[in-house]
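Enquirer: Sending over a structure as structure tokens; questions will come in a sec.
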Amino acid sequence: MLKIYNSLTRQKEEFRPLEPRRVRMYVCGMTVYDYCHLGHARVMVVFDMVARYLRHLGLKVTYVRNVTDIDDKIIRRAVENGETIGALTARFIEAMHEDERALGVLPPDHEPRATESIDDILAMIGTLIERGHAYVGSNGDVFYAVASFPNYGRLSGKNLDELRAGERIEVDEAKRDPLDFVLWKSAKPGEPFWASPWGPGRPGWHIECSAMSTRCLGAHFDIHGGGMDLQFPHHENEIAQSEGATGEHFVNYWMHNGFVRINEEKMSKSLGNFFTVREILARYRPEVVRFFILNSHYRSPLNYSDENLDEAAAALSRLYTALRGLAPDLPLPLGEDRDEGFSSRFADAMQDDFNTPEAIAVLFDLAREINRHKAAEPAKAAALGATLKSLGNVLGLLQTDPEAYFKSDAGGSGLSDADIETRIRARLEARKAKNWAESDRIRDELKAQGIILEDSAAGTTWRRE
């Protein structure tokens, strides 16, 4: 039975979907005013893994991940760039899709945009006003009345009195309560706006997700995910809005992935340790980055460093090395087990709150077993190799042909395959002539350019670092 850590109850719970064999899941997506950074990549990869595994279990998953395409940051960036908001957001939405494709992230079933959901947003705000959960402030903005929702703070564990007393609360005289948050912002000169019963304006960030999730998945659904940084106030506000508007319990399981750290420090533009996905992909293969993300438990901090990425690259190469040179479709001897319990161990790990590090450890045990059988029992090795590829596929890994993986250029050597093969032949001639110095020179020259030679009884193979 799959168990998920529920941020709402702060414990692991057996996952029981609202409808048998069907799962509805919503994840907060990007605010598209810049390129994806590693934090965005983690959200994309983590919840792609969740959706893949639920589908692997035979469940019908409806996965919704929104796009915030109107926001204060978007407006500021468009002004700075001297371009329209539409041009800015279109460019970064396309860049986001390129990055997620590179990382092996399957597209969500629905990707609603805030600007395409204005009618739903207006309807929800109207309902909240009717039910006494929202009001029009003295400045024309519409605010959510936090005091009207007794369960506010349940997700984050925040104490309302302490929040009110906190020095960080910005005092806004238009509000009845310092904790009240904006649902509809009245129009300001030079900013985009839409007509509403409360005057022209645009939606606040929090109401967008409530409106889009309930439209796509209904008032009550199974899983809501996002980064830990969104737990408060964003997800807390979503609960207040959605339950205030519908009168129903909003979400059964709340999932939050951990923070990204750079060299043991919090990732931050102000600290100068901020990396976009594109900057990382210029140095590392996309599959290495995906492997790196999944090799930490989704709730744990993810510590980015060159050393950790290099270790991920070496580890992934070991898995591909196990798959290299396997004979396809060899029949196993009668009664021979082609799995040896690896699939069961993998499932046990994944059923325990998507424990991908433990699941990946099973893949390495499987790879060692393949290597042990390669020479003496090729049929056994091939069968185990099929299991390794199948389990890797559940995580979106190990789907490239091993030879193609090792020979693809990951941004290192400029040598062509033909150049490399020519030098390997020259090295072979040197070895035949017992010219070991020349043989070593060619090997070292290739290594300096990121080409690793591997000698065996079957001959010499090569791979790019």
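Backbone N, Cα and C define each Cβ position, glycine as well.
Just so it is clear, the model here is predicted, and its values are computed rather than measured.
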Enquirer: Of 30-40, 272-282, 283-293, which span is tagged motif ''HIGH' region' by Swiss-Prot?
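Expert: Residues 30-40 are the ones Swiss-Prot records as motif ''HIGH' region'.
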Enquirer: Out of 81-85, 246-250, 266-270, 421-425, which range is noted as motif ''KMSKS' region' by Swiss-Prot?
Expert: 266-270
Enquirer: Please count the residues of the motif ''HIGH' region' (30-40) that DSSP assigns to helix (H, G, I), strand (E, B) and coil.
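Expert: Here the numbers are 3 helix, 2 strand, 6 coil.
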Enquirer: State the three-class DSSP label for CYS28 (Zn(2+) binding site), counting H, G and I as helix, E and B as strand, and everything else as coil.
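Expert: Its secondary structure by DSSP: coil.
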Enquirer: List the same-chain residues at least 6 positions away in sequence whose Cβ sits under 8 Å from the Cβ of GLU238 (Zn(2+) binding site), in sequence order, or say none.
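Expert: Those within reach of GLU238 (Zn(2+) binding site), by Cβ under 8 Å and sequence separation of 6 or more, are HIS206, CYS209, SER210, SER213, HIS224, PHE250.
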Enquirer: Using a 10 angstroms cut-off on Cβ to Cβ distances, just flag whichever of CYS28, CYS209 is the loneliest among these binding-site residues.
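Expert: Output over binding-site residues CYS28, CYS209: least Cβ neighbours within 10 Å is CYS28.
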Enquirer: Other than CYS28, CYS209, HIS234, GLU238, which residues of the chain come within 8 Å of the Zn(2+) site, judged by Cβ distance to the Cβ centroid of those residues?
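Expert: The answer, listed by sequence position, is TRP205, HIS206, GLU208, SER210, SER213, HIS224, GLY226, LEU230, HIS235, ASN237.
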